[in-house]
């Protein structure tokens, strides 16, 4: 199993680095504008819950699902793919990308169920 503490620390470092040293936060081919827009759309707490759900056995709360849906699928896909491309995770990337899609579908469903008509 993946060490979730390593993922959490990596994410926190990534967010801090992107805030203070934007050029360190993205790979050369990563769309920087999208990255900068995505990192600020979801709270760090919810981002960690989503990461735990994709890379571990966590579950995102309804409010975190709502934040994720508001963040948008393109942001969710880009950020999870970026994390899944890390050398320590790349061997299971297809599993994480499938889980990413499952989390998205679940959060869209939950968000629609609780949003006012």
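Just so you know, the numbers here start at 1 and follow the chain as drawn.
Glycine is no exception: its Cβ is also placed from the backbone N, Cα and C atoms.
The transmembrane segment annotation in TrEMBL covers 6-26. Residues or ranges marked as domain 'Prolamin-like' by TrEMBL: 37-108.
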Local confidence of the domain 'Prolamin-like' (37-108) - pLDDT mean: 89
Helix, strand and coil totals (DSSP H, G, I; E, B; other) for the domain 'Prolamin-like' (37-108): 56 helix, 0 strand, 16 coil
